[in-house]
Amino acid sequence: MKNIFIITKREFLTQVKKKSFIILTLLAPILLIGFGALVAFMLKANETEYTFNVIDKSGVFQQNMKTPKDVKFIYLPESTEQALTSTLPEMVDNVDGLLIIPKLQDQNFENLQKQTQLLVNKNIGFDVKQNIAFSMSEVIKKEKIKNLGLTEAQIENIDKNFEINTKNVVDNNKQDSTLAFGVKSGLSMGLMYVTFMFIIIYGVRVMRSVLEEKNNRVVEIIISSVKPFELMMGKILGVTLVALTQFAIWITMTILGAIFFNQGFSKISGNLPQQEEIPLDKLDIQSVFAEISHSLLDMNFGIIIFVFIVFFLLGYIFYSSMYAAIGSAVDNETETQQFTMIGILPLMLGMYGSFGLINNPEGPMAFWLSIIPLTSPVAMIARIPFGVPVWQIALSIFLLVISTLGMVYLAAKIYRVGILMYGNKATFKELWKWIRTS
């Protein structure tokens, strides 16, 4: 145990003193924010305002049609139709198209729709065409309502969505509204994705650390003083501490950044001129936040945190042991490719399967993905916000503990032989031989 502690300390200090660790830890949040800002800028830069001449022979749309986003309408007299149509190809720099709306006869909107034309002199975005069609549809809808003699209040009453009041007679806590379901889904996907990325990134780091020391022949000196198992566990725990340190720094930077920007925004907004407030009864913001808060308070965060920590750590130890064995069995990173997919594919299966189990968290796929040790570290974490029976959690933990101990045992056997093996290309047959003989 003492040797494991010494190796853990050595691995931790070696990793955190590297320039790459310091640079990545400090720059990763900045790069992430910068990447998000760049994507937002690119999307904004790609936006183009389109200008369309409009000839409204019906007289219905000019006063009633709302201008869609990134579109400018110029309404012109019916007498200019022929001239505008003939000059449209030469007006590429000034106008993008001509919208011709025919006369409305006998309130026949279906016929009006068939005869409406949008002439363009260049390729326009699909969204632009859809937005124009939507704006016209809204006008037609209102005109039809007016013809039927219905009021806005009556239409709103007709358009109300039917909400089913769901009550589970076995478990009263499972009465989720659409918003509550969305909150649980977001938490589920967030926890699952963090676990998936953590295992992959830091599991591979364990493998590279083992491979680096093997290639530098440093391990030959270390192995004379400690057992291979102690060396392997020390490396796994050392990288774990490195990862937790990195996460702690990122979380601290995020909190400090949020406080800083919040204070800066408060000062700026305080100096801005007061604008007319939008009535809360229309946006219903208060009720939305109240329901989100209620959904969060209804969750059993004690169980969620417990399950997250247990499966997070057990899953990491399970897969990092596998990666440590891979690192000891090969001589270079090129040879690791045939083995690393063994560790990545089950996790990917669990992650993508989790997208399906959100719609049916108690279905057979959800059950088996959260029970099988290869996928349970991500699947159970994704499933837990929706509520999981205690016996399933206990069974999954039991199987994962047994599997983790078994993986550590097998990895130690491979590590014991592979760490001192050079020039011998490892195969699955060779690894099985090492397990049986060591």
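Keep in mind that glycine also has a Cβ here, set from the backbone N, Cα and C atoms.
If you look up TrEMBL, you'll see 19-412 marked as domain 'ABC-2 type transporter transmembrane'.
Positions annotated as transmembrane segment by TrEMBL: 21-43 (among others). Proximity of distant same-chain residues to the transmembrane segment (21-43), defined by a Cβ-Cβ separation under 8 Å and at least 6 residues beyond the stretch ends, is recorded for 15, 242, 246, 249-250, 253-254, 257.
Residues or ranges marked as transmembrane segment by TrEMBL: 186-204 (among others).
Remote same-chain residues near the transmembrane segment (236-261) are listed as 4, 7-12, 14-16, 21, 24-25, 28-29, 198, 201-202, 205-206, 209, 316-317, 320-321, 324 (criterion: CB distance under 8 Å, separation of at least six residues from the stretch ends). Residues or ranges marked as transmembrane segment in TrEMBL: 236-261 (among others).
Among residues of the same chain six or more beyond the transmembrane segment (299-319), those with a C-beta under 8 A of the stretch's C-beta atoms are 184, 187, 191, 195, 198-199, 202-203, 236, 240, 343, 347, 373, 376-378, 380-381, 384-385, 387-388, 393, 396-397, 400-401, 403-404, 407-408. Residues or ranges marked as transmembrane segment in TrEMBL: 299-319 (among others).
According to TrEMBL, the feature transmembrane segment maps to 339-359 (among others).
Here TrEMBL flags 393-412 (among others) as transmembrane segment.
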